[in-house]
Each structure stands twice: as structure tokens, then as C-alpha cells.
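Here's what Swiss-Prot has on this protein:
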{"type": "ACT_SITE", "residues": "Lys56", "note": "active site"}
{"type": "BINDING", "residues": "Tyr52, Ile53, Asn54, Val55, Lys56, Val99, Gln100, Leu101, Pro272, Gly273, Gly274, Val275, Gly276", "note": "substrate binding site"}
{"type": "BINDING", "residues": "Gly172, Arg173, Ser174, Ser197", "note": "NADP(+) binding site"}
{"type": "BINDING", "residues": "Thr380, Pro381, Leu382, Gly383, Glu384, Gly385, Lys386, Ser387", "note": "ATP binding site"}
{"type": "MOD_RES", "residues": "Met1", "note": "N-acetylmethionine"}
{"type": "MOD_RES", "residues": "Ser318", "note": "phosphoserine"}
{"type": "MOD_RES", "residues": "Ser413", "note": "phosphoserine"}
{"type": "MOD_RES", "residues": "Ser490", "note": "phosphoserine"}
{"type": "REGION", "residues": "310-935", "note": "region 'Formyltetrahydrofolate synthetase domain'"}
Amino acid sequence: MAPAGILNGKVVSAQIRNRLKTQVTQMQEQVPGFTPGLAILQVGDRDDSNLYINVKLKAAQEIGIKATHIKLPRTSTESEVLKYVISLNEDATVHGFIVQLPLDSENSINTEAVINAIAPEKDVDGLTSINAGKLARGDLKDCFIPCTPKGCLELIKETGVQIAGRHAVVVGRSKIVGAPMHDLLLWNNATVTTCHSKTADLDKEVNKGDILVVATGQPEMVKGEWIKPGAVVIDCGINYVPDDTKPNGRKVVGDVAYDEAKEKASFITPVPGGVGPMTVAMLMQSTVESAQRFLKKFKPGKWTIQYNKLNLKTPVPSDIAISRSCKPKLIGNLAREIGLLTEEVELYGETKAKVLLSALDRLKHQPDGKYVVVTGITPTPLGEGKSTTTIGLVQALGAHLHQNVFACVRQPSQGPTFGIKGGAAGGGYSQVIPMEEFNLHLTGDIHAITAANNLVAAAIDARIFHELTQTDKALFNRLVPSVNGVRKFSDIQIRRLRRLGIEKTDPAALTDDEINRFARLDIDPETITWQRVLDTNDRFLRKITIGQAPTEKGHTRTAQFDISVASEIMAVLALTSSLEDMRARLGKMVVASSKKGEPISCEDLGVSGALTVLMKDAIKPNLMQTLEGTPVFVHAGPFANIAHGNSSIIADRIALKLVGPEGFVVTEAGFGADIGMEKFFNIKCRYSGLQPHVVVLVATVRALKMHGGGPTVTAGLPLPKAYTEEDLDLVEKGFSNLRKQIENARMFGVPVVVAMNAFKTDTDTELDLIGRLSREHGAFDAVKCTHWAEGGQGALALAQAVQRASQAPSSFQLLYDLKLSVEDKIRIIAQKIYGADDIELLPEAQNKAEIYTKQGFGNLPICMAKTHLSLSHNPEQKGVPTGFVLPIRDIRASVGAGFLYPLVGTMSTMPGLPTRPCFYDIDLDPETEQVNGLF
């Protein structure tokens, strides 16, 4: 018989490594910046372990795998080792890791516990019980296989010998080689016998094997005469035996008597140079496979997501009854379904979570999805259902059309929840759940804003007080105190010096004039624009006097409280793009002017760093879900009058990355299109750089009848008869407002889909009329929606229209150039969006325009603060008013947020409580802790 063919593991492993190197390059081309990651955790300092690890690190480097070696001391305890295992499990840059065995520690460590703490999806050694169990069950495509058996199988396949139907004998039953080798051969359809130290007549059992794999750790235990002629022999052993002919006095042999066996076998592995190189190659292959699985799971593509099926009832139950009839998915599960990593999600219980900004950094190279903004016609006081339409649309796109889709909505103020409004999270079968969480504290963002805002207010009045009661020198000594004999400026004080043109860093080097300029802000109390805030409707805080305690030495002034969401910090949160950007915006917030007319900022007050600390968690978007299980970001809730009325840029950006290029992100703009949509485009999109693909314009028969001359609609009172009976004439006359809002949207170059939010009293004839007129006047489409009563199914036609519109050509453009004067920018909005003949800047507004321009704020975008109940400044004028001049009473600046807001009329920033507030109905069941009466 001819000598056996040599199975050279070095040659085969080199081929595998070259293939892996190509695969790594391909992954990096698909996802720039991505690198497969391998970590090796070692305890102790065994020489043999060090040798093996160095071989693995070198192989990883050659292939392009980022390998990390974590070496713990011999004093490590089991709990310390487990902490490292857990941290590697949570590290998204590590796609596979191994614990180098044996664990060389002075302390007793349960090796099995350490191995089984490894996340199975990162267990590239294939040693966890879960991977071993999957291998035993034959789930070869859903597990990692121990590297040595996997390498042995590759060598067997190299022979060309068919495994299926052959009799394979495995000598050895270790968890690392023998046992998994048995399973691997079995599921490759061999008939397998496993032999071990208790096997009788071992030589006879070995002689039956067409394929023989030996892993006993006994030098040359298997003799040549035992081997069946023509067998394939795989020798996994590495043993050292004495050899006087070798320089070190020993040689390496396998578990098989090689010289004898090669005369009987058809193929045989040498030792060394056989199985050893394959083990390392298979570790690299498993790491690359793990990285590929990671990419497949987390790169944009169709989500594998479970939707909730609605149990629709007629008549439609109350919002809270519907909300409680649907059990939300665990928010951690939803996060995984949409491609978020564990370390990118901070859970707040089972139904809400914060998403870290690191997700945006990870996905920065991924293309964005389609961007849809939901707005409406000029509403009745009852609202026309923008929020409900937003949620219904995403439920339709997700649960019914199986598109990746995200809703991005504002967080409601808690004040109105207990006042006149009650809860708000959509309605009917189109809601965000749980509604109790949505409407109350959520994750504390508004509380953080309240704390930050009031810290600024306290800093302003304290600074005025201290400047009035101290000399320059005393003030300077307290601002820059000597600590242990050393006096130095803080970082924020250094920045103030630079703004003043003072380049010195030694406090002792300042002149008297420089001390005066540095220490005194010289705030003019009459110019203070910063107010304290509270997230409670309290009319008696609309005007207050502060400083009446004797300790304030008579330094009183008139001030007020606003509701928390009216704070500029809320607008900053909504418009910021990163933690660094938020820090800069908070510092830029102007709170007053000095007596010389210079703007005083939070950076001047020295408080901007502290504000950032208070807001560090609030910047992370809040993840919730709809009734049908689609994801929702609830983040930021600025007023839609004195601010821009849109949810956060950060939430939109993360969502656009997560849905991928074929997915949709649907966000809502407050009030009608003339206010919320205009600000969405000219402020939010200007700062974000994002370009919307579709405008969804919500309209109701009810609102059109009002604009057509119908009776007054009053919140809390029954609708007049005209609104519950068919009246085509009123609808057609009122269409003028919808026509104008379609025109407004198209002015920005974006396709418009009209969503006719249907009520049970609306007739098909009325809805058909609205649809026809909308299409005739430039709408891409107009569709009837019944999502309040039917959930996503009721918005299916709308979703399909949005899909089509997103493919239509668009040419997005902003309305005005920032370089124009403040007056000209206001005029463009008034004339083009509202239909005014002109504007009139009243004296105070004229003065402010000049001051802000002089202070360098004239190039900010404009955020008009006017009534949402009319296109004009008069809420009683419905339809499309003409022939009016828009009066601008005042202009104020939100410099940190980044806009000027002209006041048209009087804007209330602190709601009051009605005679019968909603809190009469709100209570808690002490046994179930269920909130009652919120909706």
C-alpha cells in the first residue's frame, strides 16, 4: 500500500486566512470604519498560554481583525473575571472573544461559570453550554463550533473522501475536541463511535474507522496496526517526549504513532503542522462569521419585528381602555428588533428607554430613510388629529406594509394633563403606549429642563445682588478665591477673559480696569428676559415680585413664571445636534443686557457647564411604541408659538439611520402648516440639514366647514348642527384654507398628501369633494383616513400614498436667506405664508430689531409667535383673510436655540386651571397602582 497523503494544515490554513482577509476587506468596503473585533481574556501568565495567544494575535493582525489581549493577574477572583466577561459581552466593537484556558489564578475560579457567562453570539470558541447544545441538536448554522473539531472537519473535506455513510471513530471525549467532534461528524451524516479510557478492545474499535480522529493527550497511543487500511487519520495530539538527538532534549509527537500509521492510512495529519494551524484559522473564521452576523443584524435592512394585532371594537372605547387592552412589548426587545445594541439603550422599566447618541455615531455612514412631516390646516380649537394621524400612519407603514418606520413626536407638558387638556398621545386605535408614562414624568426630561432653567434664573438675581453689595475687589476675590494659597481662573472664567480681549491667565496680573470688566456683568434688570419655570398650570405666577425677604436688602423686582416647555432650554434641546453643540447653545443663551447694551449670556454667568451636566441625560431620545408595536421617539416639546413646535433633531437623525434608505421617519409639526410646518422647514431643517420627502397635510370636514362660515366651535361645548350634517357649500367655501396650506407646503418644493381625517358624521360626498379639490389644487393625492377607529388599517391608503409621493421628484428649498434684514425675513413669511399685504413693526419691535442686529443676532432665522387659529393675527378671521397688515408688537431672541421670535399679539406662556380641572378625575388604585381618570 502506498504511503498516506499528508494533510498539511499550514497550507490549508493559509488558504483560509487569505479568504478571510478578502472577506474583511469586503466588509470594510460595505461599512466604512468597520473592523471585526476579537478579544482574548487571559488570567495569569502561563508560558504556554502566552505562546498560543501570540500566535492568535499575529493571525488576527494579518487578516485585518482588531485583536485585544486582556491580561488579568493571578490574584484575580471569579467575580473580577466575570466583570470583564460581561463588559466584553456589551462591547459592540468585540464580535468574538475567548477565555484562554486554563485559568491561572491563586483563587478558586469555576471555569464552567466563566465560560457560560460569555454571550453565545460571541462565543467563537464554541464552548458555552448553549453552543454545545445547539451543536448536539444539529443546529450547525446557528452556533459556533469549537475550533479544533471545526478545523479537523475542514481537513477531512480536503481529502475528497465522502463523510456521509462512513464509519467514523473518535478517540477522546473532551468538551473541547472529542465530544463536539462526535456531534460534528454525526450531523455530517457519518456513523460515529466515540471511544474513551473505559472503552474495551480499543484497538478493535479503532480498526473499524474509515475516518479516525484521535484526541487523547497520550503520546503515540494509537498504533499503526490498529488502523483500518485506507482510513483518514486526524491526529489532534501535541505531546513532548524525550529525544537526545534534539537540542532541547525532546521532540513533539501526536497521539498516533505517525511512522507506523502513515503506512496504513490513505491520509494523515503530521504533528506539528497538521491540526494546530487549523485551530487558529478556525478561530479567525468564527470571528469573521460573528462580525458578518453582526453586520447583517444591525446594518439597515428589513427589521425582523413582531407587531401587535389590534382587537378593534365598535363603538370605539375610551383611549385609556384601548391603551390598557394592548400589552406593550418589552422595550428592550423592541430596541433589538430595530437594530439598537444593548449598550446603546438605557432601560427605564419595561416600557420606556433612552437611546444613547453613540448609536448615531455607529450609524453615521448609513444612508438615511425617507423623511415625512405631518402638519395640518388652520385648526378648530378642538384640533384636527395630527398626532393621531402621525401614529396611524406609522402603524400602517409598519404593521401593514411591513416597512421600517419610526414616529418622532414631542413630549407633552405635564401642566395641561392636569388642567383642561387631559392626556395626549394620539387617540383611539392610534396611540403611543403606555399613555400614563407618555403623559407624566416619562424619563424626567422636563424636570431636568425645569432645574436647569431655574438655576439660570437664580444665577441672574444672585449676581445682581452680589454686584450691588460688594466692591470690585471683594467681588473679584470671591469669584476667584485663593485655595491653599493658590488663586486661579476656572476654564469658564478663562473663556470670559478671552471674550473681553484679556489674554492673561494669572489673576494677580489683572489691572483694576480689567478686574472691573471681568467681575461686573452690570446687568440691567429692566432687560432681563429669563423667567423661572414650572411644569404646572398656575395662573397666579404670571406676574410676581421677587426679593421681598429682608435678607435681599430691598432688591426686589417684578418677574413671572412660565410653563417649563416654554423655556429656551427646551428649544435648545430640540435643535441641538450633539452634546458638544448643546453645551455651546446653552452657553450662548442671552438672558439680559448690560447697562451698556451688551448681551449677557449663560457663559458670562458661568453657568453653562452646570446646565450641560443637568441636561446630559435629557439629550438622549426616549424610546416608546405604538399600539401596534412600531417604535416611537418621544423627545423635546417646545412651544409652537414662541418656539418652533417640533420634536428633536437628534431623534429624527437616529431614526433616519435606523430605518435605512427604504424606511420612513414620520414627525409632526405643531399647529397648522402656516406655523409649525413653516418653522419645521425654515428653522429645524435649516439647522439639521435634513430634507423632507413628503408633507402630510391633515384636514377635517369639521375644520373646512368652520373656515367656510360655519358657527363658532368652542372646546367643551357640543358641535353646532352644521358640523354633523352634510353641507357641501360650507365645505367648498372652507376649502380655501386647505388650498392655501397646500400652496404653502408646495412653496418649499415638497409633495403634499392630504389626509382627510374622517369622523362618523362626515359623508362620503363631502370627503370626495375635498379629495377632488385637493388634487386639482396641487396635492399629490388626498385620501380618507379612519385610523382613530381602525388603527393602522384605517391609514393604509394614506401610507400607500406617502410611499408613492416619496418617490416623486422634489426640489426642497428654504423660504428666505438668513442674510436678509430681520424686517425683510418677517415680511417674507407674512406675505408668502399668511397672505398679508405687509407688516408693521411697532416701536418696541423696531427698537429690538435694531438692538439684535447691533448685537450680531440679525442673521438668525425667524420664529413667528402668532395665533394658530387664523392665517392672520386675528383668531376670528377664518378661511384665507386678505387685505391685512400684520402688526409686530415686539421681537425677542432665543440666541442659544438660534432664532428671533416676533410677537404678533399677546402670547400666554403660563396656562391657568379651569373651573373644573382634569385632576378631579385622576386617582391611583392603591392595590394595582393603576392610574385612573387620566384620559
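Don't overthink the numbers, they just go from 1 along the chain as shown.
For all residues, glycine too, the Cβ spot is worked out from N, Cα and C.
Sequence features, as recorded in Swiss-Prot, placed on the structure.
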residue	record	Cβ contacts under 8 Å, 6 or more apart
Tyr52	substrate binding site	Gln100
Asn54	substrate binding site	none
Gly172	NADP(+) binding site	Gly178, Met181, Cys195, His196, Val213, Val214, Ala215, Thr216, Gly217, Cys236, Asp255
Pro272	substrate binding site	Ile238, Val252
Gly274	substrate binding site	Leu7, Asn8, Gly9, Leu155, Ile234, Asp235, Gly254
Thr380	ATP binding site	Thr700, Arg702, Ala703, Met706, Val713
Gly385	ATP binding site	Gly376, Gly427, Val698, Thr700, Asn757, Trp788
Ser413	phosphoserine	Ile446, Asp535, Ile563, Ser564, Val565, Gly637
Ser490	phosphoserine	Gly606
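Neighbour counts of Cβ atoms within 10 Å were taken for the recorded positions Gln100, Ser174, Ser318, Ser387; the minimum is at Ser318.
Among the binding-site residues Gly276, Pro381, the residue whose Cβ has the fewest other Cβ atoms within 10 Å is Pro381. On its own chain, Lys386 (ATP binding site) has Val374, Thr375, Gly376, Glu668, Ala669, Val698 as residues at least 6 apart in sequence with a Cβ closer than 8 Å to its own Cβ.
Checked against Arg173 (NADP(+) binding site) by C-alpha proximity, the recorded positions Gly276, Ser318, Glu384 yield Gly276 as the nearest.
Burial estimate for the recorded positions (Lys56, Arg173): highest at Lys56, by number of other CB atoms within 10 Å. The closest partner of Ser174 (NADP(+) binding site) among the recorded positions, by CA position, is Gly276; the full candidate set was Lys56, Gly276, Pro381, Leu382, Gly383. Ser318 (phosphoserine) is 17 Å away from Ser387 (ATP binding site) when you measure Cα to Cα. Note on the region 'Formyltetrahydrofolate synthetase domain' (310-935): its mean pLDDT in the predicted model is 95. Here the Cα atom of Gly276 (substrate binding site) is found 72 Å from that of Gly383 (ATP binding site). Counted within 10 Å of its Cβ, the other Cβ atoms near Gly383 (ATP binding site) come to 19, all protein chains included. Taken residue by residue with DSSP, Pro381 (ATP binding site) is part of neither helix nor strand, so it is coil.
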